Structure formats: C-alpha cells, structure tokens
Amino acid sequence: MTGSQLPGQAAPVSNINERDGTHHASTTPSEEAERLALQRQKSIEQAIDEGHDADIPSDIGYVLDEQGEKRRKEAIRRNSLARARSHASQARSSHHHDRDHDHDHDVEKEAAADKSGSTSGATTSGGEEENDANVIWWSENDPENPYNWPRWIKILNVGLISAQTFIAPLASSIFAPGVPSVMKEFRNSSPELASFVVSVYILGFAAGPLVIAPLSEIYGRLIVYHGCNVCFIAFLVACAVAPSFNSLIAFRFLSGIFGSCAVTNGGGTISDMITQEKRATAMSLMTMGVLLGPIIAPIIGGVISDSDLGWRWVFWVLTILAGVVALCMLVFGRESYAPILLQRRVERLRKETGNEMLRSKLDIGLSPSDYFKRSIVRPLKMLVFSPICIIFAIYIAIVYGYMYLMFTTISKVFTDPETYNFGTKIVGLVFVGMGVGSLIGLVFFSVASNRIMKAKAGPDGKGTCTPEDRLQVLPIGAIFLPAGFFIYGWTAQYHVHWIVPIMSHALIGFGNIVIFMAISMALIDTFTIYAASALAANTVARSVFGAVLPIFGLRMYDTLGLGWGNSLLAFIAVALIPVPFLLIRYGELLRTRYEIKNL
C-alpha cells in the first residue's frame with residue numbers, strides 16, 4: 001500500500017454538494033469515481049487536522065471502511081425500527097379521529113422538516129439511500145453551518161483556541177526554573193523527584209486525549225472545552241497552594257490531563273469552521289503555540305521564580321492567563337461540531353412537528369461505548385501489533401525523552417556555581433537556543449520534504465509516493481542529535497563560553513524536530529484514514545518516555561559528569577543512526593507484510 005492508496009473500500013457516496021446537500025446532474029462512472037476519491041482524500045486531510053480518525057463525522061459526512069459501513073447501516077436500521085415501533089405504539093393508543101388528524105399533520109411535519117434543511121432523495125454520507133424527508137441536513141447558505149459563520153466569529157474562536165494551545169504547553173516547562181526553590185521549601189533533595197515534578201505534567205498529556213477525544217464526539221466540542229477549562233484552572237490553583245511535595249506532583253498530573261484538551265481538539269474546532277484550502281494559517285497558529293510554549297515558558301518562569309513572589313506565583317500567573325481565556329471562551333465560544341448542531345436541530349424539529357422519524361444525516365448510531373472503544377483500543381492495538389508503529393514509537397519516544405530531560409536539567413546545569421552560575425531570572429534565556437534550532441528544523445523539513453515528494457510525483461503529478469519517502473531527511477536529524485549532545489556535554493564540562501553550549505542546544509532542537517516531523521508524516525502516510533490513531537499511539541509512548549526519562553537525568557550528571565553523561569545520551573543516539581537507513585530500505589516490507597486488519 002503506497003502513500004496514495006487507502007485501506008478498505010470506499011463506501012459509495014451519492015452525488016451531493018458538499019455544502020448544501022443538493023444533487024448534481026448525472027455523472028459518468030469515471031467522473032463519479034474521481035469525485036469520490038477527492039471527497040475521501042479531503043476527509044483524510046480533515047481527519048488528520050482534527051486529530052481524529054476519518055470516520056469521525058465532519059461537514060461532508062462519514063467515509064468509513066467496509067466493516068465500518070456495515071456497522072453504520074445496521075445501527076441506522078435498529079434505530080429506525082425502534083422509532084417506528086414507538087411511533088406505531090402511540091398511534092394505536094389514539095382514537096381514529098386523532099389518527100386521521102395525525103396523518104394530516106404528518107404532511108406538515110415533513111414539509112417543516114424539509115424547510116429546515118432535510119434532503120429529499122439524498123443519501124447518507126456513507127451512501128445509503130434516504131428517499132424521504134426525514135434526514136436533516138444543512139440548507140444552502142445555512143447560517144447554523146459553521147462554514148457559513150461571519151468571519152469575525154471564526155477569527156475570534158480560532159484566536160481563543162490558539163491561546164489555549166499556547167497556555168497548556170506553557171504550563172509544561174514554566175515551572176522548571178523554580179524547582180530548586182520547591183525542593184528547598186519541601187526539604188526534598190531527591191534529583192529524581194526534582195525532574196519528575198516537571199515531567200509528570202506530560203503523563204497527563206498522554207492520558208488526557210484518550211478520554212477527551214471521544215467525549216467531544218459524544219457531547220460536542222464546547223462543553224468539553226468548558227469542563228476541561230474549569231478543571232485545568234482548579235488544579236493550577238491546587239498547585240499554587242500545594243501543602244506537600246506529593247500533592248504538587250498529583251496536581252501537576254491532573255492539570256496535564258485537562259490541559260491537553262485544546263491540543264487534542266483544537267485542530268478539530270478549526271476544521272469545523274474553516275475550509276481545507278483556507279485552514280493552513282489557523283493550523284499554523286495553533287501548531288506554533290504548541291512548539292513555542294515549552295521554549296518560552298522557562299524564560300517567564302525564571303523571572304517569576306527569582307522575584308520576591310516565589311515559585312507559587314508561577315501557577316498564579318498561569319491561573320490568571322487560563323482564567324481570562326476560559327472566561328472569553330465562555331462568553332464568545334460557539335459549538336462548531338456539525339453532528340451536535342444537526343442533532344440539536346433534529347430534537348427541536350421533533351418537538352415542533354411530533355415526527356419521531358427525523359434524524360441527522362451525520363447520525364450513524366454509534367453508542368458512547370463505541371466511541372471510546374474506537375478512540376482507546378485502536379491506538380493500543382497498533383502499538384502492540386504493528387512493527388512499523390512500534391519502531392517509530394520507540395525511536396521518537398527516546399528523542400522526546402531527551403527533549404524533556406533537557407527541560408528538566410538545563411536550569412540546574414547553568415545555575416550551578418561550578419559551571420556558569422546563571423541567576424534564576426536569566427537562566428530561562430538558555431532555552432532560546434533549542435527554540436531557534438526547532439524553528440530552523442521545522443522550516444528545513446517543510447522545504448526538503450516538499451521537494452522530495454514533488455520529485456517522486458514527477459512533473460505530471462502521476463508518480464508514486466510512498467511513506468518511506470517521508471523518511472529521506474530522517475538520517476540528517478539522526479546525525480545532528482548526537483552531535484549536539486557531544487558538543488553540549490564537553491563544552492559545559494570544561495566551562496567553555498556559555499554561547500557554545502547554547503548553540504549546541506540549537507543542534508539538538510534541529511535534530512529533534514526533523515526526527516519528530518519525519519516520523520509523524522510517515523505515520524500519516526502509512527495509516528491514512530487511521531492516521532490519528534497511529535499518532536495517538538505514538539503520543540502515548542513518547543509522553544511516557546518524556547515523563548520517565550528525565551527522572552534519571554540529574555542523577556546521571558552527578559554520577560558521570562556533564563561530559564560523559566551527555567556522551568552516554570549521544571552514544572545511544574549514534575546507535576540509532578542506522579535505524580533511518582534500515583527503515584528507508586525495509587520499511588515498505590514491514591508495512592505491507594505486517595499490515596493490521598480490522599482496525
């Protein structure tokens with residue numbers, strides 16, 4: 001299966017306009033096939049942006065694999081029969097005159113439903129014929145359709161989401177410069193716990209999305225945002241007033257769980273409102289916050305921790321920022337999830353018309369347990385049974401663990417009187433080196449990867465591209481990463497001018513982001529409609545490593561010194577250098593021979 005091939009069989013879709021549900025004129029089989037392929041590809045791209053799988057409903061409906069389509073049809077059939085039996089039971093209990101009256105009224109019900117956006121003679125998004133007026137869909141230029149909202153509403157909501165996706169990662173490392181003060185106040189000298197109190201937040205980022213994503217599918221985006229915002233703020237306050245070191249660790253973990261909401265569902269909210277061709281800028285703003293948050297955070301945290309306010313005010317500042325954004329979200333935030341909006345319309349019309357047979361076009365009858373199984377079981381299944389997913393997960397988990405090891409140890413290294421003796425107020429600036437390297441790496445990967453894919457596609461765009469093509473730049477990142485650690489370790493060991501180790505951080509940041517992006521894009525191309533589950537499996541693995549590996553960082557430096565301690569990390573990274581070359585050569589064999597069925 002190449003990067004352009006898709007697993008499963010595309011369900012037939014009627015020729016419905018993507019915006020208003022109306023039929024086009026008859027098309028030839030080749031035109032219909034091309035339209036279906038384009039629609040399916042758009043669903044995949046939107047699903048990747050949303051951070052969900054492509055069988056999550058969107059404004060154009062569902063695109064399921066063969067088994068998913070069968071389950072969908074069976075669920076619709078059961079629900080329709082249940083509503084029909086309920087309707088028949090009510091009719092039998094009425095008088096003959098009332099039944100006649102109801103029959104006359106049914107005509108009005110159908111007309112009302114049709115005016116409110118029903119699609120007569122249309123099909124469900126999976127392709128099932130619906131030759132009646134009971135299927136509710138958007139009308140042309142429907143003001144309730146998020147794609148038709150005024151621009152200022154879209155900009156405001158995108159801004160709120162981007163603010164949230166900046167604050168949540170900000171909380172991951174803003175606390176790092178204040179750790180020495182925390183350890184002193186709670187009279188704890190364990191270097192492992194000094195690192196863990198920072199990195200435990202990332203464990204929350206691993207656990208949160210597995211629950212938050214299905215909740216947004218069941219109840220909608222907005223209510224989940226509000227609930228998580230309240231809990232996030234509550235646990236930030238709890239961190240600020242933590243009475244003990246153990247309670248601080250627990251509150252950090254819980255704040256990480258609820259803080260992951262915007263990162264998990266932010267892309268989905270943007271995709272709900274903005275069409276694919278105009279979505280890049282909004283997605284870039286959100287991604288930039290996720291990337292820059294952990295880099296900028298230590299700078300802010302260092303200034304606060306070194307002031308008379310103390311380390312607890314780090315959390316009070318976060319609480320204020322999160323509270324302002326949450327309040328704005330409460331006032332200006334709008335539900336954007338199409339299935340929820342259409343279901344509300346269905347419920348309103350059922351009350352107004354009495355027609356219990358009305359249903360949303362995006363209702364495929366999945367129960368809450370189905371949503372949770374799909375969001376939780378599938379990523380774990382990939383992580384256990386897919387060799388290519390396992391290799392990617394282990395590789396990127398080590399790299400991600402290195403990054404958070406840096407976050408948790410840089411402050412200690414540069415504030416140590418025996419090395420650079422930086423003050424707490426300015427030590428956060430040391431993280432700028434890694435931030436600059438990450439940005440350069442992001443630009444490099446984007447340019448290089450696009451050139452490689454265009455070359456593989458050929459001048460006519462008909463060439464074959466494979467997921468392994470995304471890995472062509474992976475060896476570069478794999479080489480830069482250990483080089484950065486070697487330079488960092490020995491320049492810090494011998495107290496070379498501070499600018500040199502900071503420049504080595506740029507090499508580490510560059511290698512880190514190139515590896516991260518190459519593997520992420522290869523996973524997307526490999527698993528296509530299940531890309532989000534593959535990325536979720538990868539996220540769980542890397543978040544666990546990101547939380548656990550830093551625990552041993554300070555102890556390692558105390559035992560081996562900065563030179564040999566960082567050299568140990570570099571030697572492990574050197575041992576991994578052959579992996580990219582092996583993946584480029586044998587990745588397709590692993591991918592095709594051990595393909596997981598029945599996801």
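The first residue you see is number 1, and the count goes up from there.
Positions of Cβ are set from backbone N, Cα and C atoms, glycine also.
Feature list (source: TrEMBL):
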type	residues	note
COMPBIAS	1-16	compositional bias 'Polar residues'
REGION	1-134	region 'Disordered'
COMPBIAS	97-113	compositional bias 'Basic and acidic residues'
COMPBIAS	114-126	compositional bias 'Low complexity'
TRANSMEM	155-176	transmembrane segment
DOMAIN	157-593	domain 'Major facilitator superfamily (MFS) profile'
TRANSMEM	196-215	transmembrane segment
TRANSMEM	222-243	transmembrane segment
TRANSMEM	249-268	transmembrane segment
TRANSMEM	280-301	transmembrane segment
TRANSMEM	313-332	transmembrane segment
TRANSMEM	383-406	transmembrane segment
TRANSMEM	426-450	transmembrane segment
TRANSMEM	471-490	transmembrane segment
TRANSMEM	502-524	transmembrane segment
TRANSMEM	531-552	transmembrane segment
TRANSMEM	564-584	transmembrane segment
Range from 155-176, 249-268, 426-450 with the greatest count of C-beta pairs under 8 A to the transmembrane segment (313-332): 155-176
Residues from the same chain, set at least six apart from the ends of the transmembrane segment (502-524), whose C-beta lies under 8 A from its own: 48, 291, 389, 392, 395-396, 399-400, 402-403, 406, 410, 430-438, 440-442, 444-445, 449, 467-468, 470-471, 473-474, 476-485, 487-488, 491, 531, 534-535, 538, 587
Model confidence over the domain 'Major facilitator superfamily (MFS) profile' (157-593) (mean pLDDT, whole number): 85
Which of 222-243, 471-490, 531-552 contacts the transmembrane segment (383-406) most, counting Cβ pairs under 8 Å: 531-552
Criterion met for the transmembrane segment (196-215) and the transmembrane segment (564-584) (at least three Cβ pairs under 8 Å): no
Cβ contacts the transmembrane segment (471-490)/the transmembrane segment (564-584), at least three under 8 Å, sequence gap 6 or more: yes
Close approaches to the transmembrane segment (249-268) from elsewhere in its chain (Cβ under 8 angstroms; 6 or more beyond its ends): 49-52, 56, 161-162, 164-165, 167-169, 171-172, 175, 193, 196-197, 200-205, 207-209, 211-213, 216, 221, 224-225, 228-229, 231-232, 235-236, 238-239, 242, 283, 286, 290, 337
Cβ contacts under 8 Å made by the transmembrane segment (564-584) with residues that lie 6+ beyond its boundaries: 388, 391, 395, 398, 402, 405, 468, 471-472, 474-475, 478-479, 481-483, 485-486, 488-490, 492, 556-557
